[in-house]
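Reviewing the structure listed below.
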Amino acid sequence: MSEDKITGTLAFTVFTAVLGSFQFGYDIGVINAPQEVIISHYRHVLGVPLDDRRATINYDINGTDTPLIVTPAHTTPDAWEEETEGSAHIVTMLWSLSVSSFAVGGMVASFFGGWLGDKLGRIKAMLAANSLSLTGALLMGCSKFGPAHALIIAGRSVSGLYCGLISGLVPMYIGEIAPTTLRGALGTLHQLALVTGILISQIAGLSFILGNQDYWHILLGLSAVPALLQCLLLLFCPESPRYLYLNLEEEVRAKKSLKRLRGTEDITKDINEMRKEKEEASTEQKVSVIQLFTDPNYRQPIVVALMLHLAQQFSGINGIFYYSTSIFQTAGISQPVYATIGVGAINMIFTAVSVLLVEKAGRRTLFLAGMIGMFFCAVFMSLGLVLLDKFTWMSYVSMTAIFLFVSFFEIGPGPIPWFMVAEFFSQGPRPTALALAAFSNWVCNFIIALCFQYIADFLGPYVFFLFAGVVLVFTLFTFFKVPETKGKSFDEIAAEFRKKSGSAPPRKATVQMEFLGSSETV
């Protein structure tokens with residue numbers, strides 16, 4: 001049908017929207033490659049004991065750099081050793097905060113993406129969000145010329161606020177402007193742009209490009225470029241016709257927007273679909289967070305939804321994304337940053353592969369397959385690190401295990417939770433459930449970002465045995481508690497949840513979605 005095609009305006013609009021997703025991915029990955037350079041700068045600015053030459057070796061001090069190095073003139077060897085240890089702990093803490101502050105911002109903002117989109121409209125909300133992206137980029141871009149640790153932590157926090165908003169706004173906008181039969185395919189471009197941003201940040205972070213003493217601050221501030229480009233292009237994008245029709249009740253503007261997006265005057269199907277959606281939505285009330293846990297019809301679905309997101313984050317995947325360079329270094333790889341880029345490339349490739357598999361294999365099946373694969377990869381990852389001193393070839397075992405770990409993650413546990421949470425709930429409770437799921441996802445992201453380095457320091461090469469145990473627990477939970485949602489109506493899914501929880505059917509049925517497929521998770 002004419003309306004179910006990708007027009008020039010639709011392609012332009014989707015490209016513009018996913019520039020926000022690209023920034024999201026760039027901000028996730030950018031902190032990884034220049035880790036050693038930034039840590040050296042932290043030590044240089046904060047002051048390090050003179051016998052710890054690792055912090056200042058080959059560091060080119062220019063007129064703007066004022067070293068605050070403490071001299072050991074009147075200290076005993078024991079006191080000096082304590083001071084050195086204390087300095088190392090402070091630097092480790094500041095680096096962990098530099099990584100995890102991004103998740104704090106995302107955690108705070110994740111609840112407000114939908115609210116901002118309803119308040120300002122989808123286009124204006126994305127424009128407003130970009131002010132946060134530009135502010136964060138400016139703070140980080142200037143970090144070399146001030147208190148670097150404070151500016152980077154502040155900049156990462158503000159960028160996290162932006163990403164928390166955009167993680168809700170972009171999928172929502174794309175889902176609302178896409179034709180029904182293309183909604184799933186276009187919706188996955190959010191995730192694809194995100195992992196592309198991660199890969200580009202890793203390439204730009206190579207030492208001979210921007211990940212060096214001279215340009216690392218430019219690398220951190222470079223997200224301003226797609227932010228400015230998106231601000232410019234958004235001025236030429238049509239507002240969401242669903243927002244105009246369902247929220248503002250402006251049918252004339254909604255029709256005008258639809259005609260631009262569809263490239264045709266015949267928009268009857270879309271208007272009728274929105275009219276039906278409006279009638280159905282009016283019969284079903286919204287649900288609060290408390291009701292999700294107190295109402296027996298929602299309690300088990302929300303618990304399962306949250307557990308899926310916990311499984312995604314506590315699998316250890318973000319430990320790899322945030323700290324992959326140091327992990328490869330520990331594994332004995334001579335050029336760890338190139339291996340990290342390999343992880344980013346595999347991440348992008350298998351995100352695309354998952355799109356082709358999800359409707360054929362089913363959500364639960366792919367999630368289980370991914371978790372089982374990640375369990376074995378985590379075991380071999382740790383075995384490779386533990387036995388590295390005895391067998392140098394074990395470094396290749398660890399590296400291969402990391403690549404496969406990321407592949408299995410993107411096949412199932414990466415994208416699947418977002419599909420399934422949307423399918424567990426009908427129109428009334430769905431916005432609240434998705435907001436709560438996003439919040440829990442960011443909270444777990446923050447915990448891993450903050451704690452992984454400490455856990456890795458404590459457990460050493462055994463760290464991924466811990467994550468293997470966690471993955472095994474979530475795999476068993478998925479096997480016994482998570483239903484398959486592919487091809488099932490909401491009534492069928494709700495009935496299965498009621499059977500598992502032993503609750504009675506609801507006294508009064510509400511209007512539900514007739515069929516739940518991947519193209520309908522908006």
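Using N, Cα and C of the backbone, Cβ positions are placed for all residues, glycine too.
Per Swiss-Prot, the feature topological domain 'Cytoplasmic' maps to 1-10, 118-125, 178-185, 237-301, 359-365, 423-431, 481-522. The transmembrane segment annotation in Swiss-Prot covers 11-31, 97-117, 126-146, 157-177, 186-206, 216-236, 302-322, 338-358, 366-386, 402-422, 432-452, 460-480, and the record cites sequence analysis as its basis. Per Swiss-Prot, the feature topological domain 'Extracellular' maps to 32-96, 147-156, 207-215, 323-337, 387-401, 453-459. Sequence annotations record features per position, and here Swiss-Prot assigns N-linked glycosylation site to ASN62. Positions annotated as D-glucose binding site by Swiss-Prot: GLN191, GLN312, GLN313, ASN318, ASN347, GLU410, TRP418. What Swiss-Prot records for THR521 is phosphothreonine.
Under DSSP, GLN312 (D-glucose binding site) is assigned to a helix (H, G or I) in the three-state scheme. Within 10 Å of the C-beta of ASN347 (D-glucose binding site) there are 26 other C-beta atoms, taking all protein chains into account. Most Cβ pairs under 8 Å to the transmembrane segment (216-236), among the stretches 126-146, 157-177, 338-358, 432-452, 460-480, belong to 126-146. Looking at which of 186-206, 338-358, 402-422, 460-480 has the most CB pairs under 8 Å to the transmembrane segment (302-322), the answer is the stretch 402-422. Within its own chain, the transmembrane segment (186-206) has Cβ neighbours under 8 Å at 14, 17-19, 21-30, 32-34, 170-171, 174-175, 178, 219, 222, 321, 337, 340-341, 343-345, 347-348, 351-352, 355, 410, 414-415, 519, 521-522, counting only residues six or more beyond its boundaries. This prediction places the mean pLDDT of the topological domain 'Cytoplasmic' (359-365) at 78. The stretches the transmembrane segment (338-358) and the transmembrane segment (402-422) meet in space: the count of Cβ pairs below 8 angstroms, excluding pairs fewer than 6 apart in sequence, reaches at least three. In sequence order, SER21, THR351, GLY414, PRO415 are the residues near GLN191 (D-glucose binding site), counting only same-chain partners six or more apart with C-beta under 8 A. Sequence-distant neighbours of GLU410 (D-glucose binding site): residues of the same chain at least 6 apart with a C-beta under 8 Å from its C-beta are VAL195, ILE346, ASN347, PHE350, THR351, VAL353, SER354, GLY370. The recorded stretches the transmembrane segment (157-177) and the transmembrane segment (460-480) do not share 3+ CB pairs below 8 A when only pairs 6 or more apart in sequence are counted, and are therefore not in contact.
Cβ-based neighbour count (10 Å, all protein chains) for GLN312 (D-glucose binding site) stands at 26. Ranking 97-117, 126-146, 366-386, 460-480 by CB pairs under 8 A with the transmembrane segment (432-452) puts 97-117 at the top. Within its own chain, ASN318 (D-glucose binding site) has ASN445, ILE448, ALA449, PHE452 as residues 6 or more apart in sequence whose C-beta sits under 8 angstroms from its own. Counting Cβ pairs closer than 8 Å and at least 6 residues apart in sequence, the transmembrane segment (126-146) and the transmembrane segment (11-31) reach three or more and so form a contact.
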